[in-house]
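Here is what TrEMBL says about this protein:
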- Asp268: active site, proton acceptor (ACT_SITE)
- 112-347: domain 'PABS' (DOMAIN)
Amino acid sequence: FSLNLTVDCNAVLKALQPIFQEQGMTETVHNWEDHGYLATYIKKNGSFANLRIHPHGLVLVDLQSYNDPMKGREEVDQLLNKVEERMKELFHGNIKRVKRLPAILRGGVIDRYWPTADGRLVEYDIDEVVYDEDSPFQNIKILHSKQFGNILILSGDVNLAESDLAYTQAIMGSGKEDYAGKEVLILGGGDGGILYEIVKLKPKMVTMVASNIDQMVIDGCKKYMRKTCGDVLDNLKGECYQVLIEDCIPVLKRYAKEGRMFDYVINDLTAVPISTSPEEDSTWEFLRLILDLSMKVLKQDGKYFTQGNCINLTDALTLYEEQLSRLYCPVEFSKETVCVPSYMELY
């Protein structure tokens, strides 16, 4: 509750106390003179409430129900309805805003909460854990969403969902490129989405390689992300593609030494780091190394495509663009913003 006036904290406490007492909850009150009250109410079944009253006109109620979700939701709603009625009686037209946030389910069998790139917490409509394994490199999860289909999550980072063709199309040039008869190098891309879409366009050869590309990611995706990867991960070699399960840095160095050149290099490795201190962040060093090595295997008229990050991370994106002016050779660049459905943000 956000109020239009300063409040008598004791009066608010006295008005709301009976609601919690009617529930058979045990009360403990802390008073900090100029900083208001904190009252905690505990029920015998383990449910509890925190009532925080700030003198400047903010009253917060946090309820945690130790119950099954349906009963717990009913219990919480009934209590909050009574608190809201009492507050309206007490302050009449002086309530500026009442805001009720949805319940967060803690410790559920299915984890529905994942952060966006810019640190906002999103609750997904996850209804099934499809795959959950730890490889030597990372935790690999594939969760099913009612809206987005199966979602690949690597070490807590939402990578790609079956709904996210927009991501794959954008990192390939948004339909403006002719891949027919071309040599293509994909860095990363373990979900198989980019490889699957490029193979359809009749390239001469696509080589997919990544830093510590994880065989378990490939195994999980070829079984549970087939709407994204089709059948290209069933075999590591096809008529016009090969998948190398190797560290991409020595491979890039080898290709540069051999003079092997590509028409397109597509970097689907690490996103632009959120850190705005490239000198102190090893991820920035890794990105700069990959950029320089990629330029050495890219034809003079070739194109390099990569992901950036969410558009809210303006400082990090600006820093990335600055890195492009520090490469050993001059480059021109352009950028495009697309909405990636499962990211729930513009990228």
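Glycine residues also receive a Cβ, built from the backbone N, Cα and C atoms like all the rest.
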Is it possible to get the count of other C-beta atoms within 10 angstroms of the C-beta of the residue listed as 'active site, proton acceptor'? 24
Restricting attention to the domain 'PABS' (112-347), give the mean pLDDT. 92
